Amino acid sequence: MVMEVTETERWCVVTGGRGFAARHLVEMLVRYQMFHVRIADLAPAIVLNPHEETGILGEAIRSGRVQYVSADLRNKTQVVKGFQGAEVVFHMAAPDSSINNHQLQYSVNVQGTTNVIDACIEVGVKRLIYTSSPSVVFDGVHGTLNADESLPYPPKHNDSYSATKAEGEALILKANGRSGLLTCCIRPSSIFGPGDKLMVPSLVTAARAGKSKFIIGDGSNFYDFTYVENVVHAHVCAERALASGGEVCAKAAGQAYFITNMEPIKFWEFMSQLLEGLGYERPSIKIPASLMMPIAYLVELAYKLLGPYGMKVPVLTPSRVRLLSCNRTFDSSKAKDRLGYSPVVPLQEGIKRTIDSFSHLKAQNQPKTEVTETIQWKKQTLIAIVILITLYHNFVATTGSSSVIITAVSKVLLVSSIFMFINGILPEKMKVFGSKKID
């Protein structure tokens, strides 16, 4: 099917257009009538939630100002078809960053991005804005304090997502100027806000299971969290700068930009504010990252073995432990100077809006059955911890070569107890209580 575009219409494409930040970008573009918008995503058809159906997006689809096209970025033919008639492409599609599957990440973030670039050139797209990530400069060991864009890619990245996003970003920057195509890359730091399907829901799930009491590391690490409306505003600023021509365009094109709220905050303070705003307790129990790392490796190994058989993507992974315990703040001066970017929503206002948008997840709305199961889960796990730690200390106190095997086993048991407490992995039924675990 050939996309029908009239000469007077200005079209843009948003890849991954049904993702968290992408939905907000689509709505902003429609609300301010900047472009007609074509949403490109994997699903065969767009399914609107009730809010979207009755809101500006639903109206725009019915009026023809927004189109939906099913496109897999790994299929160049589909990408070319989806980009026909477009003046601008916002390339926001990427797999979930928590999935440490190199083949998947590479196929989308590198091969898919190559197809996006080639399709842009083939159909005559003028401007390409790529949603990158600050993780492209993270090696998994060294934190970043007020880092700017002069920080190079590390020899080795924290995970497959970061490594392949860096490769994709490099391809976008290298493509600047090819056949008149102008490009730049946006690196938004730790996006949050209404519509988030990962951070807040995961936080609440952990809180309801009694697992949000833990601080990984010493709790002093700073982060740059960025409200989603500021992220989409940065994308619009980038597009406008590339479209300006002259010196503004020359300075903006072919560059990468860190985007933040410009208000660094302690990571665990931010999480605590979200939890308290939703009626849950602040995390208070500190666990050294060095203790969590071997457990995280066990979790990741288990997922690699059991993932094909239905095991859910784990929350606790080695890359996640590193991210939770290090500093990650960035300097957005370059975006301010070259793109004209500055946050439009302050951090505390963003936190308030986020809490308000998740009112249905507040503690007082927790189902009674879920509360009961949580209490039972805590009892079961506490008993396991007490028994296993007692065994550990008894066996560790034993000296002599004859106790080496027992000591090793006891250490494994201790690690297992902590693993169960963090992840809620218990036998389906405990004989003492006879109740099912929480999924």
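Cβ atoms are placed via backbone N, Cα and C, with glycine included.
Summarising the annotation, Swiss-Prot assigns site 'Essential for the 3betaHSD/D activity' to D41 (among others). D41 (site 'Essential for the 3betaHSD/D activity') carries a strand DSSP state (E or B).
Around the Cβ of D72 (site 'Essential for the 3betaHSD/D activity'), 18 further Cβ atoms fall within 10 Å across all displayed protein chains. The site 'Essential for the 3betaHSD/D activity' annotation in Swiss-Prot covers D72 (among others).
Summarising the annotation, Swiss-Prot assigns N-linked glycosylation site to N75 (among others). Taken residue by residue with DSSP, N75 (N-linked glycosylation site) is part of neither helix nor strand, so it is coil. Spatially close to N75 (N-linked glycosylation site) yet at least six residues away along the chain are N115, judged by Cβ distances under 8 angstroms.
In the three-state DSSP assignment, the secondary structure recorded for T131 (site 'Essential for the 3betaHSD/D activity') is strand. Other Cβ atoms within 10 Å of the Cβ of T131 (site 'Essential for the 3betaHSD/D activity') number 28 in total over all chains. Per Swiss-Prot, site 'Essential for the 3betaHSD/D activity' is recorded for T131 (among others), and the stated evidence type is experimental evidence.
What Swiss-Prot lists as N-linked glycosylation site is N158 (among others). Cβ environment of N158 (N-linked glycosylation site): S135, F138, D139, G140, S319, R322, L323 lie under 8 Å away, each six or more residues apart in the same chain.
Taking a C-beta cut-off of under 8 Å and a sequence gap of six or more, Y161 (site 'Essential for the 3betaHSD/D activity') has these contacts in its own chain: A94, P95, S97, S98, I99, N100, Q105, N109, S133, S135, S319. The annotation site 'Essential for the 3betaHSD/D activity' is assigned in Swiss-Prot to Y161 (among others).
For K165 (site 'Essential for the 3betaHSD/D activity'), the number of other Cβ atoms no farther than 10 Å from its own Cβ, over all displayed protein chains, is 28. Under the heading site 'Essential for the 3betaHSD/D activity', Swiss-Prot lists K165 (among others), citing experimental evidence as support.
Per Swiss-Prot, active site, proton donor is recorded for K165. DSSP assigns K165 (site 'Essential for the 3betaHSD/D activity') to a helix in the three-state reduction.
As annotated by Swiss-Prot, N-linked glycosylation site applies to N327 (among others), with the evidence given as sequence analysis. In sequence order, G143, T144, L145, N221, F222, Y223 are the residues of the chain that are 6 or more apart from N327 (N-linked glycosylation site) and have a CB within less than 8 Å of its CB. Reduced to three states, the DSSP call for N327 (N-linked glycosylation site) is coil.
Look at Swiss-Prot and you will find R328 (among others) tagged as site 'Essential for the 3betaHSD/D activity'.
Per Swiss-Prot, the feature transmembrane segment maps to 381-401 (among others).
Among the features that Swiss-Prot reports, transmembrane segment is placed at 405-425 (among others).
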Distance [Cα-Cα, Å, rounded] between D41 (site 'Essential for the 3betaHSD/D activity') and D72 (site 'Essential for the 3betaHSD/D activity'): 7
Spatial neighbours, same chain, of R328 (site 'Essential for the 3betaHSD/D activity') - Cβ under 8 Å, 6+ residues apart: P134, F138, G143, T144, S189, S190, N221, F222, Y223, D224, F267
